[in-house]
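Below is one structure, written out as structure tokens, with a few remarks after it.
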Amino acid sequence: MMTPENDEEQTSVFSATVYGDKIQGKNKRKRVIGLCIRISMVISLLSMITMSAFLIVRLNQCMSANKAAITDSAVAVAAASSTHRKVVSSTTQYDHKESCNGLYYQGSCYILHSDYKSFEDAKANCAAESSTLPNKSDVLTTWLIDYVEDTWGSDGNPITKTTSDYQDSDVSQEVRKYFCT
């Protein structure tokens with residue numbers, strides 16, 4: 001064995017031996033911590049991939065359900081919309097179902113008559129059905145304006161999104177489609 005010649009060499013040899021043991025312990029801890037970090041990263045990646053696949057499947061289910069709901073509602077609105085009204089009297093209660101073969105908006109049914117008629121004929125036809133021509137002010141700021149545009153209004157002028165000079169002219173000879181409400 002090596003014998004140090006002075007105290008300084010003796011301390012340095014001794015401390016190097018202790019330091020070597022500490023390095024081996026630190027290396028083991030670093031390896032264990034590094035392994036734990038790698039394992040946790042792999043688990044995180046796997047869970048993220050699994051969640052992404054799950055969310056993609058759910059998104060496809062929601063989109064197909066939404067597409068079916070939009071299609072069903074469009075068919076229902078186009079075919080007929082109906083409302084349920086309860087009529088309550090003092091003795092009995094009745095369920096009254098009112099159907100609308102047209103556009104339903106805020107309790108009113110807008111039925112399109114695609115035959116072209118003059119204002120007077122359209123007004124008389126709506127009166128025979130116990131209804132009236134729509135007011136421009138009622139439909140101008142709603143989604144209905146896209147449907148009732150260029151049809152007869154209750155004031156005798158065509159319903160349009162914009163006002164122009166021709167609306168004040170004589171429209172007695174014109175024929176248009178019309179809605180009854």
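Yeah, the Cβs are placed from backbone N, Cα and C, and that goes for glycine too.
Annotated N-linked glycosylation site per Swiss-Prot: N135, in sequence order, evidence recorded as sequence analysis. Within 10 Å of the C-beta atom of N135 (N-linked glycosylation site) sit 13 other C-beta atoms, taking all shown protein chains into account.
Here the topological domain 'Intravirion' (1-34) has a mean pLDDT of 66 out of 100. Here Swiss-Prot flags 1-34 as topological domain 'Intravirion'.
Annotation source Swiss-Prot lists topological domain 'Virion surface' at 58-181, citing similarity to another entry.
The transmembrane segment feature in Swiss-Prot is assigned to 35-57; the stated evidence is sequence analysis.
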